[in-house]
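Taking it in order: structure first as structure tokens, then the write-up.
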Amino acid sequence: MDILCEENTSLSSTTNSLMQLNEDTRLYSNDFNSGEANTSDAFNWTVESENRTNLSCEGCLSPSCLSLLHLQEKNWSALLTAVVIILTIAGNILVIMAVSLEKKLQNATNYFLMSLAIADMLLGFLVMPVSMLTILYGYRWPLPSKLCAVWIYLDVLFSTASIMHLCAISLDRYVAIQNPIHHSRFNSRTKAFLKIIAVWTISVGISMPIPVFGLQDDSKVFKEGSCLLADDNFVLIGSFVSFFIPLTIMVITYFLTIKSLQKEATLCVSDLGTRAKLASFSFLPQSSLSSEKLFQRSIHRDPGSYTGRRTMQSISNEQKACKVLGIVFFLFVVMWCPFFITNIMAVICKESCNEDVIGALLNVFVWIGYLSSAVNPLVYTLFNKTYRSAFSRYIQCQYKENKKPLQLILVNTIPALAYKSSQLQMGQKKNSKQDAKTTDNDCSMVALGKQHSEDASKDNSDGVNEKVSCV
């Protein structure tokens, strides 16, 4: 049934209109059945019925009337936003559970990611549903006016917290690469949580002016019945402080981190190359074989080579982590940049730009920015095995990793250990045999040298005696 939306119209007038419409319909059906209706009668009836059943909103500017109109239409955009809300809440809950329950993920970077997931989850709980409600009501505020400033405050708070967390992660990893000893000494769980508290404090401080001024003056948060920031100064300052400045810091430190990792990898490879050359270089004459072998063994057993391998492994892990974080950074920038750029354009070219087009773009771009909160858990799932296995177990309601029974562990490990021990014993026997051979060769060489020297001295003494006898 269509809606007669005329302001200040009583229920009786609406009822009378509907009764008149039914009466006209009945008369027309009787005339049509009796064959007396012609084309002109049908046309007159159609025009009259359309005039009565059209949504006549002349003078109807109240939000309640307009909201009823929009609720009658199918709104596919609201359905899409509902899907985004569900993905955001569910995915970030899985991230929070994974960092809380998995010991492998309990480090400084993942604590930041857990706090970021909390911000995204709260965005999905408190901000996105209200935004979907405004879509259903034609982008007009359907709730009490005092809640508008609170809703904008939460929106700015959680969005600012997201970019601040990414900026803090980038800074923390850069400091860890530049000063690893200092960072490992002073980097603990308490320090990580203190940094997270600092990030939230900065985010609250940036977004706090919205409820302070918005609750006092509705014109700062309302514009033509829509709940949005109407203060141009706050739009400009807030966009730069909460997005563009942290974005610049994040991008610069991220590229510096990549450059430092590449430099360390090059130095580590060159260091391993010099160690290999030293191991193959001979300092002694060829006759002294045992000393050379002992020197080579001491080089190969040098713990520095193990340290070099461990350093290469740590650099490789850092590069993999930077790759995942780089994807998260890139997606966040790509999804939020259109909104903030359009937001600044709306303030700069206020008179020359079409406000309707700018408003429509902002309504679309803000949901693209919200989508980044749902994408992060998918990135972790695709590029991190620990997150992927944890998510799959949590979906199956298995919150602890299944451990193998002790008997199965013994069956699998004891033969391997026995094989390794036998190999070690065989290697030790071979080494002892080779050492015995080399020592025998050395002893024989020494004996030959002694015999040769004795023979030479004997010959010399015989020559002297012959000379004496001749004299």
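In case you wondered, yes, glycine gets a Cβ from its N, Cα and C as well.
Within the list ASN38, ASN107, the entry that Swiss-Prot describes as N-linked glycosylation site is ASN38. Per Swiss-Prot, the residue from CYS148, CYS322, CYS337 that shares a disulphide bond with CYS227 is CYS148. Per Swiss-Prot, ASN110 and GLU351 occupy opposite sides of the membrane [differing topological domain names].
When Swiss-Prot is compared with the stretches 296-317, 450-471, the one noted as region 'Disordered' is 450-471. The stretch that Swiss-Prot tags with motif 'NPxxY motif', taken from the ranges 211-215, 246-250, 356-360, 376-380, is 376-380. Residue with Swiss-Prot feature N-linked glycosylation site, selected from ASN44, ASN75: ASN44. Counting only same-chain residues six or more apart in sequence, the Cβ atoms lying under 8 angstroms from the Cβ of ASP155 (serotonin binding site) belong to LEU123, VAL127, SER131. The recorded stretches the transmembrane segment (147-171) and the transmembrane segment (81-97) do not share 3+ CB pairs below 8 A when only pairs 6 or more apart in sequence are counted, and are therefore not in contact. ASN343 (serotonin binding site) has a Cβ environment of 21 other Cβ atoms inside 10 Å. As a quick check, the transmembrane segment (81-97) and the transmembrane segment (323-348) miss the bar of 3 or more Cβ pairs under 8 A, pairs 6 or more apart, so the two do not touch. When each of 192-215, 233-258, 323-348, 357-382 is checked for Cβ pairs under 8 Å to the transmembrane segment (112-137), 357-382 comes out on top.
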